[in-house]
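S.K.: Quick paste of what Swiss-Prot says about this protein:
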BINDING   Arg160, Lys172, Arg317  ADP binding site
REGION    317-322  region 'Important for transport activity'
REPEAT    85-178  repeat 'Solcar 1'
REPEAT    190-282  repeat 'Solcar 2'
REPEAT    290-376  repeat 'Solcar 3'
MOTIF     317-322  motif 'Nucleotide carrier signature motif'
TRANSIT   1-77  transit peptide
TRANSMEM  87-114  transmembrane segment
TRANSMEM  155-179  transmembrane segment
TRANSMEM  188-208  transmembrane segment
TRANSMEM  258-279  transmembrane segment
TRANSMEM  293-313  transmembrane segment
TRANSMEM  353-373  transmembrane segment
Amino acid sequence: MADQANQPTVLHKLGGQFHLRSIISEGVRARNICPSVSSYERRFATRNYMTQSLWGPSMSVSGGINVPVMQTPLCANAPAEKGGKNFMIDFMMGGVSAAVSKTAAAPIERVKLLIQNQDEMIKSGRLSEPYKGIVDCFKRTIKDEGFSSLWRGNTANVIRYFPTQALNFAFKDYFKRLFNFKKDRDGYWKWFAGNLASGGAAGASSLFFVYSLDYARTRLANDAKAAKGGGERQFNGLVDVYRKTLKSDGIAGLYRGFNISCVGIIVYRGLYFGLYDSIKPVVLTGNLQDNFFASFALGWLITNGAGLASYPIDTVRRRMMMTSGEAVKYKSSLDAFQQILKKEGPKSLFKGAGANILRAIAGAGVLSGYDQLQILFFGKKYGSGGA
């Protein structure tokens, strides 16, 4: 098999961004290739939301999935040939695409975060009783805060796209050259290790600059206005999150959970590529080898499987975020993991995972429709935001 880091297969494209998707993107893709194709060639573009909210090798577990679309390949020049103007159009349209998809999935995203972090909210007295499930969380949130509150924290999530894309564009080529291992030349394990190292390094580098926005988004989304608590919120907006956190905890408060987030990037990539290379040769054989729907199904299972397996890491990092400004904090990510297991049980590490999968489906449909509108009005599909 050819070097999959440089020549991604359909299944790799299905993998897309991880749910920390929510955090790491492959960045702006250079459109400088005009492939030679027959009239029967199919091109499918797929991105994953899931784990978008977590991390991505790029699920990006963030990100979303574009429902497969057959279309004639469109030729475009490289950014250097197109000039800065057209590059900025691609960049901005990618931002619009990200804003549309993230905004559409924001209600489910907020419910996911509320369910995931409800135990921290109960401990701090900001939630009177636990949620009974996704439907109960929706009902109570709308009843106590109003329908528009389902989008609380979405602004920070949308803003985060632009610096993430710019940083990924800057970092991805550097680390790709630094860890330039090829599967057919250097062997599987060197390629695998290089993939983890380059993805982890690029992801951590980008994450360092945008982590505070993810922190702010998490705190705003979990700032419930319970009717029984008098309807008072902890934060009045994005700027207020920064102001109060810096006052109580300093810079460290904005980066609580950063280390385990970087670990999550590597864990997800290891699970994703490990599962891909182990399962694909066994399952996609014979007539299924070039079957798109079989590849789609396997890709969906692998990305969600890797996302669910690494979901506890996302829970730990977000639970650590929730302690900034509070009197009692976890000593470390390991301490947080141990305390959650001891006091709440392993099930607590997976709270909100169901809503996370629903968010992937919702974002996929909206992003697919938006891409088709771009083709209809502009004659091409601009970059989609999966960060």
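Using the three backbone atoms N, Cα and C, a Cβ is placed for every residue, glycine included.
If you look at the structure here, what lies around each of the features I listed?
M.R.: In sequence order, Gly257, Phe258, Ile260, Ser261, Gly264, Ser333 are the residues of the chain that are 6 or more apart from Arg317 (ADP binding site) and have a CB within less than 8 Å of its CB.
Counting only same-chain residues 6+ beyond the ends of the region 'Important for transport activity' (317-322), those with a CB under 8 A from a CB of the stretch are 113, 116-117, 119-121, 124, 215, 218-219, 222, 256-258, 260-261, 264, 329-330, 333, 336, 340.
Predicted-model confidence for the repeat 'Solcar 2' (190-282) is 87, expressed as mean pLDDT.
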S.K.: Please state whether DSSP places Arg160 (ADP binding site) in a helix, a strand or coil.
M.R.: coil
S.K.: I'd like the number of other C-beta atoms within 10 A of the C-beta of Arg160 (ADP binding site), please.
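M.R.: Within a 10 Å radius of the Cβ of Arg160 (ADP binding site) lie 24 other Cβ atoms.
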S.K.: For the repeat 'Solcar 1' (85-178), give the DSSP counts of helix residues, strand residues and coil residues.
M.R.: 79 helix, 0 strand, 15 coil
